[in-house]
Ligand SMILES: Nc1ncnc2c1ncn2[C@@H]1O[C@H](COP(=O)(O)OP(=O)(O)OP(=O)(O)O)[C@@H](O)[C@H]1O
């Protein structure tokens, strides 16, 4: 360990420049005549696929020449060159960490294109302008034209890069009152079926997406979207479905499957099926509910004479959109099973899913050398899931001093809105109690709280009444609080994917954000492993005299290839 005299440096938020990828986009033409891999997974333990759902049991190939109605032209090849630079921090003197402006957008991932250039209809463009969305993000400008051309897609882009609008806007271009004018002969307003089903793994995320759709539809048409999240009153949801005849439903797998099984959700004519946080939806917990959803949504019975026998022909009717910041190979396999010639859409590239290999589900040419990455697909999924502007630190302390370290960390960074993660629900109350005893506004958020309790706490956190939200994995995915400027891991996440989703609650849409992992000495090797797997520097630090001090020499970072 370096001594105080030789190795203490000051962090002025930003000594380490973002490491990003060097990506080359294939110029290959889209694969329309393609080989489709139907399934190859273990039925009992593997991820959810057609095989695990009992629809297909063997690895199969099928050649299809079927063309989608519009051919997608891949964007011109582009190469982004980012250099990994580690600026030496000064070895003398100590400077204060700058006060953060949580809403300052440093490196927002906005694209060169405008919304009108993406082919969105005029009414939707008007709504976007009213809501203050003026420029699309990179992933939006790449994904929107692809989805508008009817392709099944897997959208992968880092946390907070705007994936929700990337799929909502093309859906709203085709569904509901903002859609494109129908071709002459079509009768507008006649359709009463549900046209889009959006599935999310948690109530909070479901409600967040639901509100985003409501907002875009505007006050006059907000009943055209219905939430079907668990924890809410089911009969009221069923009544609303009957009365309002929504075009879009957003919900959690359990509640959607439940209402569908009761015969009160008619989705056979559904055109869009979105699986948000798809890698989470593939987990064992959701297996039965997802089975029902995949079997029923967008499956028109009798629409195609081959349909009854041929699952591929039947599923041709719905467009699958799968989304996550982390895309392990299990998602790629699932996309091959459920989609028709699906495309992998990333911020600046589109490639056929067929070209994705198990060793590299997403472009891995960036942050770290491939040799330094584990071959584990889950680990690979975490690479490029982190916003490039995030800063990562870890601080070693004893278990009983963790809350105090958190308090000092919040003061040192002058953080206004903090999410602190722990692994077990039982410990959250105690942590909140200790923080409040030290004069810091804090609240706990977890699944055992009632629906009302959860939404009240989230509201208070969003409006600044609660400074520190102490929570568990429930809040790690999707939660969008723009003001959150600090994430603290009071306990280590289980793996790099979980680290990425937790970390992604801050630094959203190019804003500044800091992630501090508070750990005990024997856990430091896990932090080092996370650092290697994620390909980002995680610097050792201390909080002394109200300042964050980096305690790790540059040489150590160089050792891990950063
Ligand atoms: N074009 C845009 N202009 C301005 N703000 C935008 C734009 N697109 C999205 N946003 C805002 O950026 C924030 C992050 O977007 P979103 O939640 O869709 O990110 P995400 O990529 O889905 O993140 P995660 O992976 O964590 O779910 C949201 O508050 C959203 O309203």
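Every residue, even glycine, has its Cβ placed from backbone N, Cα and C.
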Among 55-83, 84-112, 113-141, indicate the range for which TrEMBL gives the feature motif 'Q motif'.
113-141
Please identify the range among 300-326, 327-353, 354-380, 381-407 that TrEMBL labels region 'Disordered'.
354-380
Go ahead and report the DSSP secondary structure tallies for the motif 'Q motif' (113-141): helix first, then strand, then coil.
16 helix, 1 strand, 12 coil
Per DSSP, how many helix, strand and coil residues does the domain 'Helicase C-terminal' (405-549) have?
62 helix, 33 strand, 50 coil
